[in-house]
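Here is what Swiss-Prot says about this protein:
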{"type": "ACT_SITE", "residues": "Ser121", "note": "active site, schiff-base intermediate with substrate"}
{"type": "ACT_SITE", "residues": "His126", "note": "active site, proton acceptor"}
{"type": "ACT_SITE", "residues": "Cys149", "note": "active site, proton donor"}
{"type": "MOD_RES", "residues": "Ser121", "note": "pyruvic acid (Ser)"}
Amino acid sequence: MLGLKEKICLYGFNNLTKTLSFNIYDICYAKTEREKEDYIKYIDEQYNSERLTKILCDVTEMIGAHVLNISKQDYEPQGASVNVLITEEALPVALIDPSCNKGELSYLELRDSVVGHLDKSHLTVHTYPEFHPNNDIISFRVDIDVSTCGKISPLNALDYLIGSFDSDVITIDYRVRGFTRDVDGRKCYIDHDIKSIQDYIDGETLKKYDAMDVNVYQSNIFHTKMMLKDIVLNNYLFNSDPYELSPNDRREIRDRISKEMIEIYGGVNIY
């Protein structure tokens, strides 16, 4: 196990940066152009910037941080982005930069433009709907980054993030960068035990997925990818009833969905 057997008394502020990169893929079967367009519109409404903002604010609360500023934007024809600047400790109002809105979205609505902040502690989310006219399989990707410094850890929000989306395929990257020092001046490159990202995911959630790790312990790099085990066809058809299809059609669609998930899971074109 990589990490610390006992707690270390640090000197000054904890300078370690912990970054969690979380990507989920939602797969759907849509045969006609109308079905594809309707699915993209549905996804765009389902995961607009307002809902994504709420998810990131919930994550902020779960990891024990505080919101300093929120920037959000819905895009045309589709897609959305949200950026949340956070701090480990609550700051007195007098110390908060006047440009920060403290998460008060009514203030955002009064501004013609919103400029995102860059800081060591922040959350970002972007959505990427994807389809091709020659393919009946549509995918939707959500890309979330949580970067923290200090004692707070983004790993504590993993279960909530997985449950917040229709997660068919998931890729998770976690890394720790920088160093901090103990009271004797000795450098510390990681401040918690970790052998796998899977240790931070609920066992009941893991039962639903095939999962594998690719970790580089010496570099404090951890990677886990997950693929849903059971394909329930009704969850993948948009505005269609699977029982209106012939058994052969159902098998073919299930097979195509499975192949799409396997390729995304492996990160390589196979079929």
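Every residue, even glycine, has its Cβ placed from backbone N, Cα and C.
In this structure, the C-alpha atom of Cys149 (active site, proton donor) lies 6 angstrom from that of the residue listed as 'active site, schiff-base intermediate with substrate'.
Cβ packing within 10 Å was compared across the active-site residues Ser121, Cys149, and the lowest neighbour count falls to Cys149. DSSP assigns the residue listed as 'active site, proton acceptor' to a strand in the three-state reduction. In the three-state DSSP assignment, the secondary structure recorded for the residue listed as 'active site, proton donor' is strand.
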